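J.: TrEMBL feature annotations, pasted as is:
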TRANSMEM  55-78  transmembrane segment
TRANSMEM  90-111  transmembrane segment
TRANSMEM  131-152  transmembrane segment
TRANSMEM  307-329  transmembrane segment
TRANSMEM  349-368  transmembrane segment
TRANSMEM  380-399  transmembrane segment
Amino acid sequence: MALFEDFDSLLYISRFRDQLTSLSGMIRKRGCRRRCVQRPTVEEVEACRDNEAALWLKLVAIAAILIAGGVGVAIPLVGRKRRLMRTDGGLFVCAKAFAAGVILATGFVHMLHAAESSLSNPCLPESPWRIFPFSGFVAMLAALATLVADFVGTQFYERKHRSETTSGDEHERDIVVVPSPSTEHQPRSAKDAMHIVGMRAHAAAHSHSHKHVKGACDSHGFLPVRSHAHGHEDSEASSSHVRHVVVSQILELGILSHSVIIGLSLGVSQSPCTIKPLVVALSFHQFFEGFALGGCIAQAQFKNAAATMMACFFAITTPAGIGVGATVASWYDGNSPRALVVEGLLDSMSAGILIYMALVDLIAADFLSQTMRCNVRLQVVCYLALFLGAGAMSAVAIWA
């Protein structure tokens, strides 16, 4: 009899444990469903959900972001021929350092965090999305892919420039040089003397230039190194031009990829409480991203038509994303598994591209340059601008 009583108690405990397991599973599912749908309270619905007000705010956002991005990208392009905003001036370098800080914070604080939130959402299947850090992995792959594209693009443009230069040199060699009568009838000794004098002058100039190379800066410590030959100057100038061409194109690709996501996220929102802070934050963000991109385009020395097309393409991308988001807001579900995966992967890719471009092609390229190393005051101001830009864009994450 005691044996049957023990068996009944064990059976009761087993059933109770199964009920607790099923109940906890139901709670997890309801919690996931609640987080997926993100159901607000009744007060929040009445206060913040207003389709008509949200639509008007989206129109304001389109205009404000379009103006901010257009002005930001236009300032370096319009001012590159003016003394105050020359691309080799101190003011431009400092402003570009601030913009580089903004882009770096965008990649680390905004895009990477958004990607992690999307790909670790409890509404996604636990395998594989929540057992592996896909956001950091995809960002790393995007950074490495950007490195490869940077290298391949630089090699391509250098070979193209070298072939054009070689063809130009061959054309110059085809030109026949007729000696002047004054030197043609001179005695051989006079010609030799002139040749020796010319060799000595060249040697003196060569040794003088090497004196400049030994010291990284002049006696005051504020001037860059002088090259010892015109050929080297031309080679350095062409290499720098090629780098600016590649950097501007890859940077625009990275900025455009996340601008679409930002615009789409704002466009599908129906809450004025969410849209209002986003308008200010995104206008600030677009202005300084546009300034950094416009500076790279100005340094690349594109033709006016190409530079204008790149600037316009940047300026209209986020407003276009807002328009598309507003159009599909009635049926688009940003919390569906497919939308979460696509948005998370695109955010991860954008984060990797922006982090690479900010650290390698904007910050390292300017802060390790000869001009920066030879000007202590410029170093201090640019570092302050860099940290200020990164801090300001990080603070924007409180609202956006």
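Sequential numbering from 1, following the chain as shown.
A Cβ is built for glycine as well, from the same backbone N, Cα and C atoms used for every other residue.
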J.: Under 8 angstroms for C-beta pairs, at least 3 of them, ignoring pairs fewer than 6 apart in sequence. Is the transmembrane segment (90-111) in contact with the transmembrane segment (380-399) by that rule?
T.: yes
J.: Could you tell me whether the transmembrane segment (349-368) and the transmembrane segment (55-78) have 3+ CB pairs under 8 A, leaving out pairs under 6 positions apart?
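T.: The answer is no, given that the two segments have fewer than 3 Cβ pairs within the 8 Å cut-off.
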J.: Per the definition of 3+ C-beta pairs under 8 A with sequence separation of 6 or more, do the transmembrane segment (131-152) and the transmembrane segment (349-368) touch?
T.: yes
